[in-house]
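See structure below.
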Amino acid sequence: MLSLVQNKECFLRLPENPPKTHQNPPFQDTPYDCGSHGYCYPSNRSSSTTCSSCTCPDGTTQVSDTECATATSCSPTPCTGNNEQCNLVEGEAVCSCADGYTGTDCDMLTSDPCSTEPCLQNGDCTSDSNGYTCTCDSGYYGEQCQYSGDPCSDYCSNGGTCVLVFSETTPYCECPFEYYGKTCQTSRSIQTTYVGCYDDSSATFSDYHVYSTSGITTGDDCADALVTYRKANPTSDYVISTMSGTTGQCMFSTTNTLTTAPSQGLLGGLLSALLATCSYASLSSGSASVYSLNDLCASEPCGDAETGECYQTSASAYSCLCSPLKTGTTCSSDATLTPCNGIDCGVTGTCEITDDQIGYYCKCANTNQTTECVSDPCLIDNPCLYGGTCRDLGNGSYSCDCLNLYCQTNCSTFNPCYINKCVNGGTCSPTYNLLDSTFTCECDSSWKGEYCEEERFYCDETPCKNNATCEDIIGPPNSYNCTCTPQWQGQNCTEDVNECENDSTLCKTKDSGAICVNTNGSYYCECSADMFGTQCLYSEFLREVLS
C-alpha cells in the first residue's frame with residue numbers, strides 16, 4: 001500500500017514558484033477543462049457544464065478567458081524563479097535548475113555539501129566551510145541520523161552526563177569526580193599521595209593552572225584544593241597539585257615538571273621529605289610541595305578523543321571504550337569494519353557506507369534511507385493531480401509538490417486564495433470542499449464589503465445607543481466616538497449611570513428620609529410619609545391644607 005505525506009495546508013498568500021521537476025503521466029486536468037491545469041472559478045456547479053472564466057497557473061499563458069496554454073517557447077521565458085533555465089521538451093517549455101544549482105527551488109549550489117542529501121531519516125542538513133551538519137528528528141542519532149533509538153536514555157547514574165562520542169555513535173558517561181565506572185556506578189575513594197619536595201626557584205610553571213595566590217600556604221591544603229576543584233570541574237584532567245614557596249601559589253597540572261631537590265642539598269632534601277617538612281610546613285622560597293591524585297584516566301591511556309575513552313573500573317584499574325574504528329586494550333589497533341556485509345537494500349538499491357566509515361545506508365533511485373529500497377510509488381501511477389509533481393520519499397511513501405493553484409491531499413483542492421480578490425489589506429479565509437472551494441474576506445477595521453472594497457463609516461451602523469450622538473473618526477484606522485446623554489456611559493452609551501451613587505443628595509433636598517432608587521437610564525425618589533413630589537420637595541400637610 002502506498003503511503004502519502006500530505007501537503008497539509010493551503011497557504012493564505014500567493015504561492016511561490018511551481019515545482020521544477022517533470023510531472024509523471026497521466027496528465028489529468030481539472031473539471032470544466034481550461035487546459036494546462038487551469039481552474040474554472042467561479043462557476044455555477046449546479047447547472048453549468050462549461051466554463052466562463054479560467055484562472056491559469058504560473059508558467060502558463062492566459063490565451064483567453066476560457067483557455068490556459070502551456071508555454072511552447074522559452075522567449076519570453078515562463079520560468080519565474082532565480083537560477084532557473086528554460087528548455088523545450090517535446091514542444092513544451094520546461095523549467096529546470098540552471099547548471100550548478102539544485103533543489104526544489106533551485107536555491108542550492110551543487111557544490112554545497114548538503115546537495116547530496118547526506119542526512120537520513122528526514123534529518124535537516126545545514127552546511128558551512130567545514131562541511132555539513134545533520135539535525136536529526138527525535139528518535140534518531142549519528143552524524144547522518146543513521147541510527148534509531150536514544151542510547152543516552154537513563155544510561156548514566158549518580159549525576160553522570162551522557163555524551164555521544166566517536167562520530168556520535170557511542171554513549172559515554174562523564175562522571176562526577178566522586179564516582180567512576182562505565183555508567184558512574186561506583187563511588188570513588190578519593191586519595192592523594194605525597195610526591196615530594198622540589199626546588200622551584202627557577203621554575204616557569206607555564207603549563208600550570210593557578211588556583212590560588214593567597215590563603216593556601218601548605219602542600220596538603222593545596223592537595224585538598226585540587227580535590228575540591230575536580231569535584232566542581234568533573235571533566236578536568238588535573239592530577240598534580242603544586243604548592244610553590246617561591247611564587248606563593250597553589251597550582252594544578254597534568255604532570256609534575258619539577259625534578260631538582262631543594263637547595264639544602266640532597267641529604268637535606270631527603271631529610272625534609274622523610275620528615276614531610278616540605279609537604280606540611282609553611283613553605284619558604286626555593287621549595288615546592290607536590291601531591292598527586294588517584295585518577296587513572298587523566299593520562300589518557302586510551303588515546304585521544306577520536307580513538308578511545310577511558311573509564312576507571314577500580315581504585316587501581318581502568319578499561320578503554322574504543323571507537324568502532326579501533327580495537328585493543330588501549331584502542332591502539334585499527335579495526336576491520338564491513339558495515340554493508342549482509343545488508344539487503346532490495347533489488348533496486350545498493351548499500352553505501354556512511355561518511356564516518358562506521359554505519360551504512362541504502363542508496364535508492366531517489367532517496368537515501370536506512371531501510372530496504374522499494375518501488376518508486378510515483379512510477380506506478382502519478383497520484384498527484386492537476387499538474388502536481390510526485391516526489392519519492394522512500395519506504396513506499398510520497399509527497400506532492402502542487403502547482404500554485406492547488407493544495408492538500410494529492411493536489412486535489414483548488415486554493416481559492418490564490419486569486420485573492422480581497423483588497424485594502426483584507427485577509428483571504430478559504431473554505432475547502434474538494435474542488436468547490438470558496439473564500440471570504442476578513443477586513444480590517446477601516447473597510448467592509450465582500451472584498452473589503454467599501455470604506456467603513458461606523459456611524460452608518462448606528463453603534464451609539466440611547467439617543468447618543470455619533471461622530472466618525474477618519475483614520476487610518478477608521479473609528480468613531482459616541483457622546484452620551486447624562487443618563488448613559490460606555491463606548492456605545494449602553495451602560496447605565498447610577499445617579500443615586502454619584503449624588504448622595506438626590507431626593508434629600510427637603511426630605512432627609514427620602515430614598516433614591518436607580519433605574520435603567522434614570523432614577524426615582526421614594527419619599528418619607530410626610531413628604532411628596534418627584535424630588536420629595538413638598539409636605540403632605542401643605543397638600544391637606546390646599547385640598
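Going from the start of the chain as shown, residues are counted 1 onward.
Cβ coordinates come from backbone N, Cα and C, glycine included.
The Cβ neighbour count for C97 (disulfide bond), using a 10 Å radius and every protein chain shown, is 21. Under the heading disulfide bond, TrEMBL lists C97-C106 (among others).
For C136-C145 (among others), the entry in TrEMBL reads disulfide bond. Neighbour count (other Cβ atoms within 10 Å of the Cβ, all protein chains): 25 for C145 (disulfide bond).
The disulfide bond annotation in TrEMBL covers C152-C162 (among others). Close to C162 (disulfide bond) in the fold, though at least 6 residues off in sequence, lie P151, C152, Y155, C156, P171, Y172, C173, E174, each with a CB less than 8 Å from its CB.
Per TrEMBL, disulfide bond is recorded for C156-C173 (among others). Cβ-based neighbour count (10 Å, all protein chains) for C156 (disulfide bond) stands at 22.
Annotation comment: TrEMBL describes C175-C184 (among others) as disulfide bond. In the structure as shown, the Cβ atom of C184 (disulfide bond) sits within 10 Å of 24 other Cβ atoms.
C331 (disulfide bond) counts 23 other C-beta atoms within 10 Å of its own C-beta, drawing on all protein chains shown. Per TrEMBL, disulfide bond is recorded for C322-C331 (among others).
Per TrEMBL, disulfide bond is recorded for C402-C411 (among others).
The disulfide bond annotation in TrEMBL covers C443-C452 (among others). For C443 (disulfide bond), the same-chain residues that are 6 or more apart in sequence and have a Cβ closer than 8 Å to its Cβ are C422, N424, G425, G426, G449, C452, R456.
Among the features that TrEMBL reports, disulfide bond is placed at C484-C493 (among others).
Per TrEMBL, the feature disulfide bond maps to C527-C536 (among others).
Model confidence over the domain 'EGF-like' (70-107) stands at 84, taken as the mean pLDDT rounded to a whole number. Look at TrEMBL and you will find 70-107 (among others) tagged as domain 'EGF-like'.
Look at TrEMBL and you will find 110-146 (among others) tagged as domain 'EGF-like'. Sequence-distant contacts of the domain 'EGF-like' (110-146) (same chain, six or more residues past either end, CB-CB distance under 8 Å): 100-103, 164, 167-169, 354-356, 359-361, 367-370.
Same-chain residues lying 6 or more positions outside the domain 'EGF-like' (148-185) and placing a CB less than 8 Å from one of its CB atoms are 121, 139-142, 227, 230-231, 234-235, 295, 305-306, 309, 311-313, 319, 321, 323-325, 356, 358-359, 370. Per TrEMBL, domain 'EGF-like' is recorded for 148-185 (among others).
Cβ atoms under 8 Å from those of the domain 'EGF-like' (293-332) belong to residues 165-166, 169-170, 172-173, 175, 177, 180-182, 186, 188-193, 223, 226-227, 230, 237-241, 254, 357-358 of the same chain, restricted to positions at least 6 beyond its ends. According to TrEMBL, the feature domain 'EGF-like' maps to 293-332 (among others).
Taken from TrEMBL, the feature domain 'EGF-like' covers 374-412 (among others).
Sequence annotations record features per position, and here TrEMBL assigns domain 'EGF-like' to 413-453 (among others).
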C536 (disulfide bond) versus C484 (disulfide bond) - Cα distance in angstrom: 28
Closest of C97, C106, C145, C175, C527 to C331 (disulfide bond), Cα positions, disulfide-bonded residues only: C175
The domain 'EGF-like' (110-146): DSSP-derived helix, strand, coil residue counts: 4 helix, 12 strand, 21 coil
Around the Cβ of C152 (disulfide bond), the count of other Cβ atoms that are within 10 Å: 15
By Cα-Cα distance, the member of disulfide-bonded residues C106, C136, C175, C411, C536 nearest C322 (disulfide bond): C175
Cβ packing number for C136 (disulfide bond), 10 Å threshold: 21
Pairwise CA distance, C97 (disulfide bond) versus C402 (disulfide bond), rounded so that it is a whole Å: 18
